[in-house]
Ligand code: UDP
């Protein structure tokens, strides 16, 4: 089965009208959206998503930020998709992120850094399990696969 990544568009990016701009970048790279929805995250879900950061000084403000408005959660599929998405997103600190990356172009704050993406195959599965049922994840042929 193809590799999958969990990706989230954070509340500030939603408020800035960047949903389409962000999804466009994943799609134009050739990654397939296999699940997607807009949600108001529950506190327990935010705590589960960021449990590795529990106890750090940025943890509490991060949870408050993630709960401050709707987010778009999605699962992307493709070859080396974890690596691909992290490169499209750019480094955690938007001021250090590569020019042309999402964070590099649209971010200014480390906390409000526009997008989240899983950092490994293991964390991806654990993360999308917080938000998606199996029957919300789709298998379909993409682009020319359908037209040949
Ligand atoms: N974060 C923060 N302050 C920090 C480091 C991280 O607010 O000093 C937030 C930021 O939103 C980041 C998230 O915590 O995206 C998770 O941190 P991680 O180091 O896993 O970065 P990522 O994998 O998102 O690049």
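Glycine residues also receive a Cβ, built from the backbone N, Cα and C atoms like all the rest.
Here is what TrEMBL says about this protein:
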- 2-139: domain 'Nucleoside diphosphate kinase-like' (DOMAIN)
- 10, 58, 86, 92, 103, 113: ATP binding site (BINDING)
- 116: active site, pros-phosphohistidine intermediate (ACT_SITE)
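What TrEMBL annotates, mapped onto the structure for a quick look.
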residue: 10; record: ATP binding site; CB count, 10 Å: 23
residue: 58; record: ATP binding site; CB count, 10 Å: 12
residue: 86; record: ATP binding site; CB count, 10 Å: 18
residue: 92; record: ATP binding site; CB count, 10 Å: 13
residue: 103; record: ATP binding site; CB count, 10 Å: 23
residue: 113; record: ATP binding site; CB count, 10 Å: 23
residue: 116; record: active site, pros-phosphohistidine intermediate; CB count, 10 Å: 19
Where the C-beta lies under 6 angstroms from ligand 1, the matching binding-site residues among 10, 86, 103: none
How many Å separate the Cα atoms of residue 86 (ATP binding site) and residue 116 (active site, pros-phosphohistidine intermediate)? 9
DSSP residue counts for the domain 'Nucleoside diphosphate kinase-like' (2-139), split into helix, strand and coil: 62 helix, 24 strand, 52 coil
Spatial separation of residue 116 (active site, pros-phosphohistidine intermediate) from residue 103 (ATP binding site) - C-alpha basis, Å: 10
